[in-house]
Amino acid sequence: MPNIVVVGTQWGDEGKGKIVDLLTEQARVVVRYQGGNNAGHTLVVGGEKFIFHLIPSGILHPGTMCCLGNGVVLDPAVFLGEIDRLQSRGVKVGPENLRVSERTQVIMPYHQRLDLARERAKGAGKIGTTGRGIGPCYEDKVARRGIRVADLVDPQLLKAKLTEVLPEKNFLLEKLLGDKPFTFEEIFAPYEKFGQRLKPLMANVSIILHEAAKHGKNILFEGAQGTHLDIDHGTYPFVTSSNPVAGGAATGCGIGPKALHRVLGIVKAYTTRVGGGPFPTECLDSIGDHMVEVGQEFGSTTGRRRRCGWLDLVVLQESARLNGLTGLAITKLDVLSTLDPVRICVAYEVDGQRRDSMPPTLAELERCRPVFEDLPGWQEDISGVRRVQDLPANTRTYLKRLEELAGVPIQVVSVGPDREETIVVQNPFA
Ligand code: GDP
């Protein structure tokens, strides 16, 4: 079976959790390749609610190997807490089904404190970070002063690295940001313990993936956030600190690009954004309220209300190109029921000119006005539909137009939060 990369095509929160869970049933290995515990998936399995921030939800399927690649940033307290919670509910978690790359960067307490203090200092110009230390951890990775899992599990190495970096962090915290410094012991003591607990799970994830591929086991690469939050290709600087685009899967877990056979793009039938940044199709009216309320658009990690607007095909076409999408999964289509017309943004207009691609600067994107194509809506409740041909005619027209404009076939349509509330047009693994 082919390997699949699953990516968000918008600004994250596209409903990847549910689609990944569906695909996980058919995958032997699931690996995350970037991001940290700023992602959040809520899954309801057999009436029980499970929240995942770091561990792939594949952990619920016996026989599935779950990995965190080197491109991830790991908060050990959150990770170990997630393991404890799963174990207390009877889920088996151990080296036989969970591995962390020895090269994964570790989020340290000073990363979190710096994150929060900087965001506070920025006031109105804030990025809207989740304050979990993810950005500062990636900064240290690139600055070559990060602490990796392989360092954390070795007390001598941890001591040496921490001794080297702590004075600088404390200087920044105290002198620049007016915050509290850390003592060496208050970090070293708990983090040394975390390291010892992590040791049995540490592995060379690149080798695990190569071995799996050699034995014909298929791999699901799970991206977090979305394409337009990509550090290189997103709406900079309102972006995340890593590469959610499909190519990030190769660098983020140590596998060659030829192993990324297919790329499934998750598309919410409308658009949402958390935090700041320009948003051309945003609806600041009762339609936006409808999307928030019916779509329950509140962050699963932060609880923040999301900004909502119509589907933006400029955004989607860009995602198709940047990721090399081979299929689409449309989510939350049910949320559009009763809205009439349903609108699709097919281009932007900026300074009297039509524009079909995303501009490179925020100032230009700020000036972009959406060019809408209006399609007739549908009144029916579609959550019970399981075959495309049973959808109302207007819903089918909408999907057909979306597929045409994106230039990528629709493989899955989600019509409700439940696993059952799904239309599989074509199995992405087939
Ligand atoms: P993710 O991080 O990309 O998984 O996205 P979110 O954190 O926004 O999760 C999506 C939310 O929408 C979850 O609460 C899901 O249960 C819910 N959801 C997923 N698919 C659908 C759908 O097709 N319809 C509706 N109404 N809700 C959905």
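Heads up, the Cβ atoms here are built off N, Cα and C, so glycines get one too.
Noted in TrEMBL for the protein shown:
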BINDING   12-18, 40-42, ARG306, 332-334, 414-416  GTP binding site
BINDING   ASP13, GLU14, GLY15, LYS16, ASN38, ALA39, GLY40, HIS41, THR130, ARG144, GLN225, THR240, ARG304  IMP binding site
BINDING   ASP13, GLY40  Mg(2+) binding site
ACT_SITE  ASP13  active site, proton acceptor
ACT_SITE  HIS41  active site, proton donor
ACT_SITE  LYS141  active site
BINDING   SER300, THR301, THR302, GLY303, ARG304, ARG305, ARG306  substrate binding site
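A separation of roughly 4 Å, to the nearest angstrom, links the Cα atoms of GLY12 (GTP binding site) and GLN225 (IMP binding site). Between the CA atoms of THR42 (GTP binding site) and GLY303 (substrate binding site) there is a gap of 13 Å.
When secondary structure is read from DSSP and collapsed to three states, GLN225 (IMP binding site) falls in the coil class. Closest to THR302 (substrate binding site) by Cα-Cα distance, out of the binding-site residues ASP13, ASN38, LEU333, is ASN38. Among the recorded positions HIS41, LYS141, THR302, residues whose Cβ is positioned under 6 Å from ligand 1 are identified as HIS41. When other Cβ atoms within 10 Å of the Cβ of VAL415 (GTP binding site) are tallied across all protein chains shown, the result is 25. Taking each Cβ in turn and tallying the other Cβ atoms within 10 Å, the top scorer among the recorded positions LYS18, HIS41, LYS141, ARG304 is LYS18. Checked against ARG304 (IMP binding site), the binding-site residues GLY15, LYS18, LEU333, VAL415 differ in C-alpha distance, with GLY15 being the nearest. LYS18 (GTP binding site) and the residue listed as 'active site, proton donor' are 8 Å apart (CA-CA, integer value).
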